[in-house]
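Novice: Dumping the structure here so I can ask a few things about it.
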Amino acid sequence: VIGGDECDINEHRFLAFLYPGRFFCSGTLINQEWVLTVAHCDTISMRIYLGLHTRSVPNDDEEIRYPMEKFKCPNRKRSYIKDKDIMLIRLNRPVNDSPHIAPLSLPSNPPSVGSVCHVMGWGTTSPSKATYPDVPHCANINLVNDTMCHGAYNGLPVTSRKFCAGVLQGGIDTCVGDSGGPLICNGQFQGIVSWGGKVCARLPRPALYTKVFEYLPWIQSIIAGNTTATCPL
């Protein structure tokens, strides 16, 4: 996260650190057995850390899990990595609530333009060079209207399944290593860090987020056992 500060150790109990090997991502624990992230973070081998704050110093209640099952949209365009950028991971074993682990509820309402949103992750803190912090960083940004979002990504398919968030003056943004992490707007889990401009935190391109609310039927169907459910078009 560019332009943020170290997260409070107690404000990200749902934040998962995904370590696929060559790079890393984040995810969000949505119940004791499921983590929600983005499809472009998928790799063959992956470790999932829960209850993590300082990467070099484990918490007493830190847990490590592995994917038992991974679900991406069956109607996703495989030739276009940014299409339907969402993935559900079923953990090999459930986790229990603890001082540093607790799930985040899915949203009950869609996001609204202008909302103040909170983003977090272990991604680089510098837009010009890879500077990965030992602790997650948090920042506040705003949900941007669709007209501005489409204008920033002219020619790219910015759909109703995505939205933009950032700050108009630049300088605060998600970046490399933050993919898959949550965007929490007005207390609700509304977005998943997906992708952005070639240079983070630079105008006029706020980052793009997968809109969780649009995928609620798919998420709920998969968790309920309907593993052939399709995503919205």
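Even glycines carry a Cβ here, placed using N, Cα and C.
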Novice: Looking at Swiss-Prot, which one of CYS25, CYS41, CYS73, CYS117 makes a disulfide with CYS231?
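Specialist: Swiss-Prot annotates a disulfide bond between CYS231 and CYS73.
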Novice: Which of the three DSSP-derived classes (helix, strand, coil) applies to ASP85 (active site, charge relay system)?
Specialist: coil
Novice: Tell me the Cβ contacts of CYS231 (disulfide bond) under 8 Å, same chain only and six or more apart in sequence, or just say none.
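Specialist: Expected: CYS73, PRO74, ASN75, ARG76, LYS84, ILE86, TYR215, TRP218.
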Novice: Tell me the Cα distance separating CYS117 (disulfide bond) from CYS175 (disulfide bond), rounded to the nearest angstrom.
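Specialist: Rounded to a whole number, the Cα-Cα distance is 16 Å.
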Novice: Would you count the other CB atoms within 10 A of the CB of CYS164 (disulfide bond), including those on all shown protein chains?
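Specialist: Excluding its own Cβ, CYS164 (disulfide bond) sees 25 Cβ atoms within 10 Å.
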